[in-house]
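According to Swiss-Prot, the transmembrane segment annotation covers 33-53, 77-98, 113-133, 178-198, 226-246, 288-308, 320-340, 347-367, on the basis of similarity to another entry. The feature heme b b562 binding site is assigned by Swiss-Prot to HIS83, HIS182, with similarity to another entry given as support. Per Swiss-Prot, heme b b566 binding site is recorded for HIS97, HIS196, and the stated evidence type is similarity to another entry. According to Swiss-Prot, the ubiquinone binding site annotation covers HIS201.
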Amino acid sequence: MTNIRKTHPLMKIINHSLIDLPAPSNISAWWNFGSLLGLCLGIQIITAYSLAMHYTSDTLTAFSSVTHICRDVNYGWIIRYMHANGASMFFICLFLHVGRGIYYGSYTYSETWNIGILLLFAVMATAFMGYVLPWGQMSFWGATVITNLLSAIPYIGTDLVQWIWGGFSVDKATLTRFFAFHFILPFIVAALVMVHLLFLHETGSNNPTGIISDADKIPFHPYYTIKEPLGFLLLISLLLTLVLFSPDLLGDPDNYTPANPLSTPPHIKPEWYFLFAYAILRSIPNKLGGVLALVLSIAILAAMPLLHTSKQRSMMFRPISQTLFWILVADLLNLTWIGGQPVEHPFIIIGQLASFIYFFLIFVLMPICSLIENKLLKW
């Protein structure tokens, strides 16, 4: 008798995705981050439900409702900090997942890659709106500054900002709609994840060598179902260590002060995972130019398949490209640091140089060095 997992309409889908899925035999721990992102999304949705039961999206009570969750709700503090620090874990896994895609040339699967970029934008939008909800000082001023960037759009900018705000400033209407969007976006993210996986399973996974591995495939279960839980264990251990020992390590002290439109914080900045893009935005003196650079800092990923000039897919056997890749990583860390610094000398010039290096590396140096490596293959 044929196994039910191979015949039942629903079980068949799960079987082809998680059990009998042909996977390359040589994929490393860098391929774990997809499932870790799934785990992060699950943690975020579950903790979000518990928080949404007690949170009120009103400017008068939002801050005190978050305080109430931490003080009066049974284990509310751990749920709140699991959600806040879970977002940080989510972005760490996202950045490593994207970095792995760049290093090993996974962007050549253009449909999967482009859906991934949409996912990145959706998760960033979700995280930004979530940061506004506690209605602390940084929530309010972060929302004001970031939404105000849309006013740089010619002709419709000012009307667009007021339409998003629901008035002439960030107020109750803004908070209510941000809560609604923050609630619905993770489900859109989950739907996009399904499309992402659908396109991935059309082509099969890439592997560290970048060479087609159809001749050497192994079933996902048991070989990789036994490897994935190790990543889960490490991620949850790291998250719980952060939550139980230093829950406010990655937050901003200003967000423990209730929002006050009459008092501007000395230094407005977003969460740490947006600082690299924020530094690029600030490095350009022109408002519209800054906004375009901000969008391009993420949208540049869509150009990766077009900028791939190498005859080899992966960077595994390309030492010059490897060097440039790690310079890019160092540059992004530098931008993250600069984004958290005040706008003064020497941080302004460092930010401008780091922003220039970021775009110059991706648009110019990496494609040229790939062509040089092609020539070296003939030696």
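Glycine is no exception: its Cβ is also placed from the backbone N, Cα and C atoms.
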Among 113-133, 178-198, 226-246, 347-367, stretch most in contact with the transmembrane segment (77-98) (C-beta, under 8 angstroms):
226-246
Compare the Cα of HIS182 (heme b b562 binding site) against each of the binding-site residues HIS97, HIS196, HIS201 and report the nearest.
HIS196
For HIS97 (heme b b566 binding site) and the residue listed as 'ubiquinone binding site', what Cα-Cα distance in Å is obtained after rounding to a whole number?
17
Run the contact check on the transmembrane segment (288-308) against the transmembrane segment (226-246): 3 or more C-beta pairs under 8 Å, excluding pairs closer than 6 in sequence.
no
Positions on the same chain near the transmembrane segment (33-53), where near means CB under 8 A and six or more residues out:
69, 76, 79-80, 82-83, 86-87, 89-90, 93-94, 96-97, 100, 183, 186, 189-190, 193, 228, 231-232, 235-236, 239
Residues of the same chain, at least six outside the transmembrane segment (347-367), with any C-beta under 8 angstroms of its C-beta?
279-280, 282-284, 293, 296-297, 300, 303-304, 307-309, 321, 324-325, 327-328, 331-332, 334-335, 338-339, 341
Cβ-Cβ under 8 Å from HIS201 (ubiquinone binding site), same chain, 6 or more residues apart: which ones?
HIS16, SER17, LEU21
